[in-house]
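> Let me give you the structure first, and then I'll get to my questions.
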Amino acid sequence: MPTYRSKTSTAGRNMAGARSLWRATGMKDDDFSKPIIAVVNSFTQFVPGHVHLKDLGQLVAREIEAAGGVAKEFNTIAVDDGIAMGHDGMLYSLPSRDIIADSVEYMVNAHCADAMVCISNCDKITPGMLMAAMRLNIPVIFVSGGPMEAGKTRLANPVTKTIELKKLDLVDAMVIAADQSYSDADVAEVERSACPTCGSCSGMFTANSMNCLTEALGLSLPGNGTVVATHADREQLFKRAGRRIVELTRQYYEQDDVRVLPRSVGFNAFENAMTLDIAMGGSTNTILHLLAIAREAGIDFTMRDIDRLSRVVPQLCKVAPNTNKYHIEDVHRAGGIMAILGELDRAGRLHTDVPTVHAPTLKDALDQWDIVRTQDEAVRKFYLAGPAGVPTQIAFSQDTRWPSLDLDRAEGCIRSYEHAFSKEGGLAVLTGNIALDGCVVKTAGVDESILVFEGSAHVTESQDEAVENILNDKVKAGDVVIVRYEGPKGGPGMQEMLYPTSYIKSKGLGKACALLTDGRFSGGTSGLSIGHCSPEAAAGGAIGLVRDGDRIRIDIPNRTIDVLVSDEELARRREEQNAKGWKPAQPRPRKVSAALKAYAKLVMSADKGAVRDLSLLDD
């Protein structure tokens with residue numbers, strides 16, 4: 001039988017000093033016989049997805065203590081990718097994932113906590129906490145702050161001149177700002193309307209993608225990824241998480257039930273998560289994060305598995321930025337993640353024998369929570385939770401409900417296998433002589449007319465240079481914009497490229513250009529945007545050998561990407577580049593701190609999840 005970890009600092013005569021300090025935090029005599037559960041919060045006033053979390057840690061703590069545990073809350077950092085984007089602040093975003101994982105490990109191990117409730121929400125916080133959960137392998141439940149409501153405003157269509165009601169998100173603000181056909185007044189109106197409430201940005205961007213994937217991994221409660229942050233129903237997720245973690249903790253330490261440990265989800269749960277991601281056209285960043293989380297779990301889940309799944313999993317859901325018709329709030333109305341998993345199950349694409357934190361198996365969970373098969377009216381009411389359309393930073397501030405569920409599996413937000421948006425899913429892995437270890441593309445956001453594309457390389461060696469060239473009309477129809485030396489090592493930090501892709505769209509080139517980078521993309525990116533090119537330029541990858549004017553051929557159906565240059569010429573260029581060193585031809589006006597240099601020294605390639613190369617730490 002496992003021993004409670006907390007006994008290390010709470011039991012025995014020699015721990016009198018530690019107990020004295022525990023007492024100074026408010027613990028009483030009878031608390032020393034209870035499990036100590038860490039409430040891992042991520043409140044910050046910098047990030048709309050986290051601005052409402054301040055009191056939610058204590059909400060969970062009260063439920064833990066009512067259920068017989070001792071709750072101790074601490075915070076991690078949280079970077080807002082949207083605010084950090086487009087300048088050197090983005091260098092810190094991906095590295096913050098590892099800092100978050102480390103900080104959770106440090107706090108939980110230093111104080112010998114028995115279990116965790118992780119309160120996450122935005123882009124790097126959920127994956128960082130998931131990495132920590134797998135590393136620590138103690139009972140855990142994830143509960144997110146929830147998605148933002150979609151914005152809405154009335155704008156004049158620049159083509160038809162008619163006034164239209166437009167649903168909005170962050171990406172719309174970026175695209176319209178660079179589109180000269182819209183007036184300054186229009187831009188100001190969109191700016192004020194695009195992000196109306198607290199919560200993670202309202203489309204299927206990275207934050208919401210990752211929060212949805214926690215449901216597929218079996219580590220969060222149903223609705224975690226889709227109930228809007230403002231709705232009263234989300235409060236129940238926090239309360240249930242607080243009560244349930246005490247039960248899971250006792251199952252492990254008092255009944256030796258290892259099924260409640262996060263690593264017990266196994267390889268099949270990672271396949272389920274990736275299958276969901278492909279089916280819903282999630283962010284390409286999820287690939288990076290799932291690879292990293294699997295490595296922390298000691299699970300051999302690789303790009304090969306992702307490539308295999310991408311060829312057979314259909315796309316059953318299409319949400320912004322891949323369409324303006326639906327946002328996360330609409331996914332919830334259609335039954336949320338459990339509904340997508342239910343359709344995947346009926347298509348024979350799901351492992352349903354994996355454990356979850358709220359049901360013995362995923363099959364049991366689907367029997368209750370898939371609205372197509374459930375008989376539970378409370379579940380149906382739960383998925384009617386909708387947006388109120390009232391700007392606010394206050395959680396649980398409204399209880400609006402949709403008039404009806406979206407059960408249309410032929411033309412609705414979530415489709416059945418027979419009516420899939422496409423028979424192949426929303427993400428793909430491409431390989432070729434320019435990306436020997438692979439690169440990724442969100443096919444859900446690519447127009448069918450450019451699934452096969454050949455164009456002329458327009459080479460840039462920083463995101464800033466790419467943005468400048470796009471805005472100054474140096475990028476033309478038929479170009480493949482190369483943005484290199486922006487990978488995990490080369491950036492360092494693997495910047496997101498939402499501004500270049502948004503500006504390509506605003507210039508009317510969204511169906512006429514491609515962009516290839518060893519950096520990565522925001523979950524808000526759409527178009528022929530190919531990232532994670534591995535090996536990266538700074539590690540000697542062939543993307544560093546491409547020259548202006550080289551022809552590049554992209555074939556998504558056949559999963560290939562090649563620079564149309566002979567092997568002999570590439571070998572000659574490689575010798576030349578080896579002599580020069582694998583770095584930008586011209587110095588970049590970029591401040592790289594000691595912290596970022598340390599990150600670059602240890603980080604591995606994107607196809608390995610951009611995690612630390614632990615072999616470098618061996619004696």
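The backbone N, Cα and C atoms fix where each Cβ goes, glycine too.
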> Swiss-Prot records Asp81, Asp123, Lys124 as Mg(2+)-binding residues. Which of Glu496, Glu536, Glu568, Glu569 is assigned to the same site?
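My reading of Swiss-Prot gives Glu496 as the candidate in that site.
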> Does Asp81 (Mg(2+) binding site) have same-chain partners at least 6 apart in sequence with Cβ under 8 Å from its own Cβ, and which are they?
Met90, Ser93, Cys122, Asp123, Lys124, Thr206, Glu496, Ser522
> Do you know which of the binding-site residues Cys122, Cys201 has the most other C-beta atoms within 10 angstroms of its C-beta?
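Max Cβ neighbours within 10 Å, all protein chains included: Cys201.
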> Taking each of the binding-site residues Asp123, Glu496 in turn and counting other Cβ atoms within 10 Å of its Cβ, which one has the fewest?
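Relative to the other binding-site residues in Asp123, Glu496, Glu496 has the fewest Cβ atoms within 10 Å.
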> What number of additional C-beta atoms lies within 10 angstroms of the C-beta atom of Lys124 (Mg(2+) binding site)?
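Within a 10 Å radius of the Cβ of Lys124 (Mg(2+) binding site) lie 30 other Cβ atoms.
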> Taking the mean position of the Cβ atoms of Asp81, Asp123, Lys124, Glu496 as the Mg(2+) site, which residues outside that list, in the same chain, have a Cβ no more than 8 Å away, listed in sequence order?
Val79, Ala84, Met90, Ser93, Leu94, Cys122, Thr206, Ala207, Asn285, Ser522
> Using DSSP reduced to three states, classify Asp81 (Mg(2+) binding site) as helix, strand or coil.
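It is helical.
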> In which DSSP state, out of helix, strand and coil, do we find Cys201 ([2Fe-2S] cluster binding site)?
coil
